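Shown next, in structure tokens, is the structure this report addresses.
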Amino acid sequence: MSAEEAPAQGATPGERVAIGISFGNSNSSIAVTSFDDKAEVIANEDGDRQIPTIISYVDGEEYNGQQAKQQLIRNYKNTVAYFRDYLGQDFKSIDPTHSHASAHPQEHDSTVAFTIQDKEEGEPSTVTVSEIATRHLRRLKQSASDYTGKQVNSAVITIPTNFSEKQKAALTKAATHAGLEVLQLIHEPVAALLAYDARPESKVADKNVVVADLGGTRSDVAVIASRGGIYTILATAHDYEYAGVHLDKVLQDHFAKDFIKWHGTDPREDQRSMAKLKLESEATKKALSIGTNANFSVESLAEGADYASTINRLRYETIARKVLDGFNRLIEGVVKKAGLDVLEIDEVILSGGTSHTPKIAKNFAAIFPESTNILAPSTTPTAINPSELQARGAALQASLIQEYESEDIDQSTHPAVTTVKHLTNAVGVLSITGDESKDCVPARRTIHINVPKEGGDVLVKIVEGGSHIKVTKEEPAKTNGNKDDDSDEDSDDEPEERREKIWKVGKVLAEASVKDTKKGGKVEVMINVAGDLAVTVTAREVGAKGGVRGTLSAP
Amino acid sequence: MATHANVSLPLPVLPEGWSGEKDFKAIGSISAATQRTIEPVGPHFLAHARRARHKRTFSEDDRIQAQENAKKVEDDDSGEISEPEDPSMLLRDAKDWKQQDHYAVLGLSKYRYKATEDQIKRAHRKKVLKHHPDKRAAAGGTEDDSFFKCIQKATEVLLDPIKRRQFDSVDERADVEPPSKKAAKDGKYYKLWSAVFKAEGRFSKVQPVPKFGDEKSTKEEVDAFYNFFYNFDSWRSFEYQDEDVPDDNENRDQKRHMERKNNNARKKKKTEDSARLRKLVDDAMAGDARIKQFRQEANASKNKKKLDKEQAERDAKEAKEKEKAKAEQDKKDAEEKAKAERESTKKSKEQAKAAVKKNRRVMKGSVKDANYFVDGEAPASAINAVLADVELIQGKIDADETAELADKLRDLKLAADIKKVWTAEAKRLVDGSKIKQSDIQALA
């Protein structure tokens, strides 16, 4: 490890061995694609698929992952944790809260550094956050190389949507120093969405997706429009108040209070007791995501007193309600920010470790209509493990682009290619939508429509449309006369609102006629919107020759 | 992009009296769009990027992609196994398979050790389709299946990595003969030797093998090439040329004897092969103009260093001598100058002395001319007093003052004038307290 590896640059596409890395504040994971293009999250040498983003030094020896996490109790001064967000930032703009129980960040030449004893002897050295990230990535790379048996030399790394250019540059630099060529940095929510869309059973469809990435120290929510497999982020929200550590804190406080009742001392006041409490709370939280009961037991929690207790899920959900409600508000806020209604959301993807909590998924299911698909382990049995989504998505993207020259990748991700016009309104055949709004142009959609039973000439009317939310108030059912029934207390409530999404026909764009259609035939209408918003419409009967073709000039 | 949505709702019937040019009526255009950034992720984005960068429309892109895919299939099929079959090869007996050229049997002789496993499989299939005994029988030929057996044997050898390596080891048809000195002369040296070492490099355990290069190669490249071939790690082995070991259990000694013999033969051949390669590299190096050129360049640079050093030494010596000569000259000049100065000062001193003497004479003469300031015959006491005063004054004034006083006295004839000058002088000296008033006897 001590030997400095030469920065990997410009490996030819044929020699690339690429992996996907999800580099989080709390945990990182690595994924590879197997021969049949299936992404797989791989375990490190300790058998962990979620590798804590922690590096620790004991007598000059480097530990990472779970082993380093254990060092938070005994050796917190030489343990660096939660450093991802410090990358590329100056000292003034970082929030060092989470590093209170580990090595403290310091200001160092306009960047952030840690003073740790990383050698066996001598003075503690000052290591920049960039160097820490490099060491961490090097360990991840080593784990992946050991697993695949090939020297890994390139990676796609996921980043939050609000990473600045400076942070991206810092991450790229750290990865390059670790001997990894960064093929692309992709946004975490998009990686999660890609992981779902790449499943063989999923179809390309036009949909609006909310990706809730609930992590250890922060929660990020994004609304993404997926149109013909192309993704556009409509809105994002970032929250540092409602995240996994806050759920841990609820449990910590709960058990600490219980401990005080028995022993009279507060374990939160001692550094070592606090670290033990923290680790065990996290374990209990994870256990509660799987079972309805969980044990909490720490040996020698404070002043030599052991502590053991149990908690059930219901109690946990009650005491954690404040935090859990925070997630709901977060997700409602971001849907509003995107200018959409919950009815217009087709899918909610829960990603990140905190998404295992069943209550969160249940809460989300209550917010969105029944038609919305909530992809979380507790609501959908086929859901992918939320902790693995991002790494999988990154690995898939890596397998897609690894055979391209890095120059090609740069050019393709250039704003000239990625910034395109998006339709404001949907375009479609009368009363039936074709293109969705927010579709990026150029776009093409084909629809098959039945003709009337007897065939003959038909009219194809191309219109613009907009969805809107229709609210109807239903009167409480009084008419059936059994008012005295003990049945429902609900009927006393105010009239229930029924909300539905309907399409409104807007501007008529064009009309076309398809003549002499056969009985029981179908008409194929192809609408093609070019980059300059010129529209080409082709209508023909399926299986017949000819057809009608017309063009609308650009506005 | 063949996906399409299916809608079961029927289309409306064309209303009466609807008409449009070519059955199409444009009515409006779509609303203005908003700019957004799409995420550069996923297979569909790659398609979008391809379209955007090459400025293709959907249908163009579909067509080009389809063409590319179709082309791939064609590529797979073409470009091999179309070699004509040598009629004598078709008559081979499968029993002496050790002598047969497996690559030629499968029609892969232009690929040889470079043939991929896939190519071998497909070549085999193609040959089987043609030479299967049933096919021959159907074509009215004999039921001779010896060539078919050759094909099977060739495939067996070439598809087994170990056997294939053994065969490749002794496959001399893939060797390239080293060029003769004459052939290598007309500027083809690098080209010809490149081919030799390219073929030789196939035996290397370390891949890739450095290239022989050409006249433009740098010294590092050339050195790396020769170092590589002088330390060549070869996988070449000679099991393929073993004599058959009797397979019966009857004679164990005989079997062991044969095995030993084979082993020794292998070792011997391996050593010979190493020696052969070494000689090959020696030959190539001996004729390599680049080596000579590099040596000359190295010598030139070495000599240059030496010459530079000598020149510097010479220069330093010259400068030193020059300095020394200059110092001597300076010393001499200084001495001469000092001497001249000494002489000139001596002269001027003497002149000054003479002038003072003369002036003193003038002074004494002036008092004598004034008859010692007495009328008539001067008594001896008056003469003494005046002369004592004159001498006193003379002793107190320097040469310049003497000259000045002498000038004043020289042209005076009247005793009163002379006395006036003398008394003035005496008074000046008394005022300057050079002499005391009481010392003056006559000239007060």
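Backbone N, Cα and C atoms are what each Cβ position is placed from, and that goes for glycine too.
Taken from TrEMBL, the feature compositional bias 'Basic and acidic residues' covers B:57-74 (among others).
Among the features that TrEMBL reports, compositional bias 'Acidic residues' is placed at B:75-86 (among others).
Panel annotation: around the compositional bias 'Acidic residues' (B:241-250), residues 170, 258-259, 261-262, 265-266, 269 of the same chain, lying at least six beyond its termini, place a Cβ under 8 Å from a Cβ of the stretch. Positions annotated as compositional bias 'Acidic residues' by TrEMBL: B:241-250 (among others).
Feature annotation from TrEMBL assigns compositional bias 'Basic residues' to B:254-269.
Cβ atoms under 8 Å from those of the compositional bias 'Basic and acidic residues' (B:270-282) belong to residues 178, 196, 200, 226, 229-230, 232, 234, 236-238 of the same chain, restricted to positions at least 6 beyond its ends. According to TrEMBL, the compositional bias 'Basic and acidic residues' annotation covers B:270-282 (among others).
Annotation comment: TrEMBL describes B:307-352 (among others) as compositional bias 'Basic and acidic residues'. Using DSSP to sort the residues of the compositional bias 'Basic and acidic residues' (B:307-352) gives these counts of helix, strand and coil: 46 helix, 0 strand, 0 coil.
The domain 'J' annotation in TrEMBL covers B:101-171. Predicted-model confidence for the domain 'J' (B:101-171) is 84, expressed as mean pLDDT.
The region 'Disordered' feature in TrEMBL is assigned to B:49-86 (among others).
As annotated by TrEMBL, region 'Disordered' applies to B:241-360 (among others). Counting residues of the region 'Disordered' (B:241-360) by DSSP class, helix then strand then coil, yields 108 helix, 0 strand, 12 coil.
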Three-state composition of the domain 'J' (B:101-171), taking helix and strand from DSSP:
51 helix, 0 strand, 20 coil
